[in-house]
Amino acid sequence: MWFDINRFHLLVLLTWQFSIFFASQQIFPIFSNYVPQWKCGNGEPTSDCTVYESCKSNLTFVNVAFKSAAMEYDWICGKSAYLKSLFSQIQFAGVLCGTFSFGAVSDVVGRKPVAVFALSLGILMNFVTGLAPNYQLLLGIRFFLGLSVGGTLVVVCTFVMEMLLPKQRMALRAFFNWGVARLMMTLIAMALPEWRMSSIACAIAALPALLIIIFVFPESPTWLHNKGKLEEMKKSEQHIAKVAGVPYIPVQHQKIEHSKTVMEMLRTKGLMRRLFVLWSMWFVASICGYATDLNSNTISGDLFVNQILFSILIAVSKMVLVIFDTHVPSFRRRTLHQGAQLVVCICFLILTVMTFYGQFGLAFLIVNLIGTVFIEYTWDACYLCAVESMETACRASATGTCSLVARIGAILAPMLNYANLWWPPSVYLTVVLLGTINLIISYFFLVETKNINLDNVHIDPSSEEGTPMIDEKPSQKTADH
């Protein structure tokens with residue numbers, strides 16, 4: 001099979017897909033915060049809050065595609081409008097806390113028990129979301145949902161990566177990705193166009209990930225090796241071979257290395273400089289990506305058609321990038337990030353102007369789709385550069401700090417959507433400004449890492465740039481990303 005995928009690997013990939021489907025609850029506010037236009041009596045459809053607040057006794061919504069929590073709890077205009085943003089922010093705050101807590105606990109007690117707990121809690125909270133009797137309790141539930149999303153993204157991701165072959169991570173990026181997860185959520189919302197029913201259905205649809213981890217996965221052999229539990233590690237590997245339907249062959253594990261702390265990285269000039277560049281990249285990708293995603297429910301046209309288009313283009317773009325990156329060796333990481341960021345800035349500058357002049361036709365949707373796809377490409381550059389530009393001893397810690405910075409960006413993103421109430425182009429112009437700053441930083445300071453051998457990334461503590469050793473051919477570890 002492609003990428004030497006056996007039965008066990010296929011189950012691992014499916015577990016990842018259903019796990020990120022669950023994690024796509026981060027953008028469920030696209031539907032839960034959806035508000036259609038309204039009209040006063042026989043007046044024209046509008047989104048004017050003055051009309052909404054002055055005509056509540058004779059107000060009707062127009063072309064309602066989805067019955068949202070914002071409509072049920074009146075999070076539309078006035079002081080209560082901020083609750084739409086708060087709904088997302090509380091959730092993202094939970095993701096931030098979950099990233100810290102669950103990741104640390106899994107390093108101590110193991111990947112499997114923490115993954116089971118995180119997914120169980122998340123699926124339960126998603127189900128209970130549909131039963132919330134009031135918005136105060138709903139906001140509390142979404143915090144714990146976010147907490148479990150953070151745990152799932154960190155622990156299940158690590159669990160999955162530790163049980164795949166390096167070259168199979170390419171298949172994970174290409175075919176089991178965020179675009180597919182977003183499409184699954186959109187189709188559920190389309191079939192059940194009411195926020196309570198959709199929440200319950202999303203909880204049920206995420207169950208395969210939990211069931212596979214409980215009944216199929218053993219504990220991670222990599223984690224067991226790191227803990228010195230060699231006999232349990234062997235049993236785990238034998239179980240994997242049995243499920244895969246292949247003979248058991250003992251695996252040679254690398255020597256465990258000391259991991260550098262964040263403070264050790266900051267005291268190393270070359271590492272510190274690279275880390276600051278990565279933080280800029282991750283922060284901008286996060287705040288811009290989530291802000292534009294959450295704003296996508298305001299685009300004119302059919303809500304579900306628009307979201308399906310976004311989902312399919314994101315999924316296809318991942319496949320295209322993997323194929324292009326594999327077959328065009330000269331396509332560099334700097335080109336990927338800077339080219340994508342430049343296209344993002346151009347697209348959202350156009351959208352800023354179109355919004356300012358009230359031009360919301362087909363051209364507006366097309367430019368938005370292109371801009372969103374290239375934001376996804378900046379995300380790909382973030383992951384690739386974080387993995388390839390850091391030494392093995394600090395790669396996990398560095399990526400963890402990048403994830404932390406991204407969560408901060410996600411918490412801030414809903415505030416941009418709230419600002420749209422006062423000036424509609426707020427989200428788009430902010431994307432342009434932050435993107436321009438990020439592009440300048442990337443152009444002057446981002447190091448090239450394409451085809452670098454991950455085992456040979458060494459940074460001279462006395463050097464500003466560091467001196468990574470470049471391998472002419474992609475190593476097996478590099479070619480998988």
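Cβ coordinates come from backbone N, Cα and C, glycine included.
The domain 'Major facilitator superfamily (MFS) profile' annotation in TrEMBL covers 12-450. Residues or ranges marked as signal peptide in TrEMBL: 1-25. According to TrEMBL, the feature transmembrane segment maps to 90-109, 116-135, 141-162, 174-192, 198-217, 275-292, 304-324, 336-357, 425-446.
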Leading contact stretch, 116-135, 141-162, 174-192, 275-292 vs the transmembrane segment (425-446) - CB distance under 8 Å: 275-292
Leading stretch by Cβ pairs under 8 Å, where the reference is the transmembrane segment (141-162) and the options are 116-135, 174-192, 198-217, 275-292, 304-324: 116-135
Intrachain neighbours beyond the transmembrane segment (174-192), with Cβ under 8 angstroms and 6 or more residues off its ends: 13-14, 16-17, 20-21, 23-25, 27-28, 31, 66, 198, 201-202, 205, 304, 307-308, 310-319, 322-323, 376
Taken over the domain 'Major facilitator superfamily (MFS) profile' (12-450), the model's mean pLDDT: 91
For the transmembrane segment (198-217), distant same-chain residues with Cβ under 8 A (at least six beyond the ends): 8, 11-12, 14-15, 18-19, 21-22, 25, 28, 31-32, 112, 115-116, 119-120, 122-124, 126-127, 129-131, 156, 159, 163, 184-185, 188-189, 191-192, 243
